[in-house]
Amino acid sequence: MTETAPRPAAPRPTDVTVTACPDGPLLVRGPARILGPDGEPVARHRPTVALCRCGGTAIAPWCDGTHKVNGYRSPETLAADDD
């Protein structure tokens, strides 16, 4: 009999996860407070939001897909290219 690694527990409704999409946005899932440059909370209207990392979005801080056309490469992709 072979043993398998235990699966991670499903996130609880109060958990916050941030996932870096390769060459794309940061996906924020859960009840995280997003603060603007002035330190004030930015209104969220969805439980999962995409934060821009490429700097080209027209709807900051949210991702509008500009990374697909401006050639953005995420730090983790660039680091993998160096290996």
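The count begins at 1 with the first shown residue.
Quick reminder: no glycine exception, Cβ is built from N, Cα and C everywhere.
Nobody curates TrEMBL annotations by hand; they come from automatic prediction.
According to TrEMBL, the protein has these features:
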type   : residues : note
DOMAIN : 29-73    : domain 'Iron-binding zinc finger CDGSH type'
REGION : 1-23     : region 'Disordered'
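Predicted-model confidence for the domain 'Iron-binding zinc finger CDGSH type' (29-73) is 96, expressed as mean pLDDT. Long-range contacts of the domain 'Iron-binding zinc finger CDGSH type' (29-73) within the same chain: residues 11, 13-21, 23, each at least 6 residues beyond the stretch ends and with a Cβ under 8 Å from a Cβ of the stretch. Broken down by DSSP into helix, strand and coil, the domain 'Iron-binding zinc finger CDGSH type' (29-73) contains 4 helix, 8 strand, 33 coil.
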